[in-house]
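As given in TrEMBL:
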type     : residues      : note
SIGNAL   : 1-18          : signal peptide
DOMAIN   : 71-393        : domain 'Peptidase A1'
ACT_SITE : Asp89         : active site
DISULFID : Cys102-Cys109 : disulfide bond
ACT_SITE : Asp281        : active site
DISULFID : Cys315-Cys353 : disulfide bond
Amino acid sequence: MTTKFVLLVLALVASAACLERIHFQRRTFTREEYNFEKIAKHLRAKHDRAYVPTSEDAYNEGLSDYSNAQYYGPIHIGTPSQKFIVLFDTGSSNLWVPCSNCPLGNIACQMHNKFNCKKSTTCTATGATFEIAYGTGSMKGVVDNDIVCFGNDNTMCTDKTQGLACAESEPGITFVGAKFDGIFGMGWDRISVNNISQPMDQIFANSALCPNQLFAFWLNRDGNDMANGGEITLCDTDPNHYTGDIAWEPLLSEDYWRINLGGVSIDGESYTTGNTDSIVDTGTSLLTGPSSIIKKIQKKIGATPLLNGEYEIACSKIPTLPNITFSLGGKDFVLRGQDYILQLANGNGQTTCLSGFMGLDIQAPGPLWILGDVFIGRFYSVFDHGNRRVGLATSKNSA
Ligand SMILES: *[C@@H]1O[C@H](CO)[C@@H](O)[C@H](O)[C@H]1NC(C)=O
Ligand SMILES: *[C@@H]1O[C@H](CO)[C@@H](O)[C@H](O)[C@H]1NC(C)=O
């Protein structure tokens with residue numbers, strides 16, 4: 001072996017220890033899977049502290065409303081490890097997976113991987129109950145403590161004191177078909193139910209394992225490369241996934257990944273009046289903003305209102321649509337028509353095009369823009385715990 005080769009091997013070993021990659025699975029969505037009214041209710045329940053659902057809002061809250069989100073991949077829990085596919089959600093802060101003792105009648109639970117604390121030698125059943133009560137539906141379960149590992153190997157793991165919610169009841173018929181088993185919240189501990197710290201905290205506390213306390217999302221939008229959905233990297237960024245410099249914007253508060261949005265403009269015309277809060281939320285596919293502003297944007301791009309807050313546009317118009325500029329971190333981030341229009345297959349083999357913008361008035365903390373996949377798909381997004389900031393750069397669409 002040459003010295004060069006040994007050094008190369010050492011370098012590979014070193015970089016493998018400092019960076020974990022989780023590959024996303026990928027799928028396309030149909031027109032029927034998009035219901036803006038439902039998504040709006042879900043986002044209100046998730047993000048608006050002033051939201052009080054009425055009985056008419058009785059709908060099956062839970063995983064089903066995450067059905068348009070794309071970022072899911074593997075984690076392992078316990079010893080020997082039990083594998084789960086979870087949705088990585090920067091807009092919430094709890095880890096939960098279905099529980100092995102969920103009732104037989106809970107079809108959604110029966111159809112997914114279930115955690116069994118008794119089958120893990122490192123698991124402790126704390127006996128504490130857990131409930132995420134959004135609106136009229138709720139997810140109920142118990143809190144177990146165990147080892148949680150990211151990805152497909154055992155490189156990045158917590159110790160066995162990590163709390164997680166084992167879900168016994170989880171309403172939502174759509175969840176039956178969900179491609180993932182549970183949710184992995186990657187927001188801040190302040191919005192964690194039961195004050196359970198999120199698994200990243202333990203990883204970040206180990207500076208030998210994780211020198212950079214951050215994680216980054218890359219979504220592959222290359223339609224010719226369907227096998228590769230994208231990637232989360234833990235503890236480092238991957239320069240192969242973006243071009244230019246990363247622009248940094250400090251966190252406004254440690255609850256959501258909340259940053260200042262300097263403005264939104266089209267053709268040099270401003271659609272906002274000064275600074276406003278925005279959150280970067282991988283748990284939703286849309287881009288939402290105050291309804292009065294979004295209405296003007298829909299008009300400007302020539303989209304036609306349908307029911308439920310949805311706006312349609314002729315797919316043939318996509319190449320002629322205006323750029324929409326978001327000012328963040330002192331830089332301009334430009335969304336093109338192909339970025340902000342959702343192209344959805346409908347039942348008869350045709351494609352429907354919907355605007356990816358949705359009007360949503362969030363009162364507290366508000367007003368608030370939610371930058372979901374429409375935005376994150378175009379811009380590589382770095383969630384930097386250590387320096388309490390979010391970084392954005394233009395994404396490369398193929399590795
Ligand atoms: C939540 O946990 C943190 C850290 O463990 C602790 O400092 C804080 O007091 C807890 N808050 C509540 C409301 O229990
Ligand atoms: C939109 O922005 C892209 C770069 O992000 C640029 O190449 C294109 O020319 C712009 N289109 C218009 C209509 O300004």
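Using N, Cα and C of the backbone, Cβ positions are placed for all residues, glycine too.
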Cβ-based isolation winner (fewest other Cβ atoms within 10 Å) among the disulfide-bonded residues Cys109, Cys315, Cys353: Cys315
Greatest C-beta neighbour count within 10 angstroms, which of the active-site residues Asp89, Asp281: Asp281
Whole-number Å value for how far Cys109 (disulfide bond) lies from Cys315 (disulfide bond) (Cα to Cα): 38
Asp89 (active site) versus recorded positions Cys102, Cys109, Asp281, Cys353 - nearest by Cα: Asp281
Cβ neighbour count within 10 Å of Cys102 (disulfide bond): 21
Overall pLDDT for the domain 'Peptidase A1' (71-393), taken as the rounded mean: 90
Pairwise CA distance, Cys102 (disulfide bond) versus Asp281 (active site), rounded so that it is a whole Å: 29
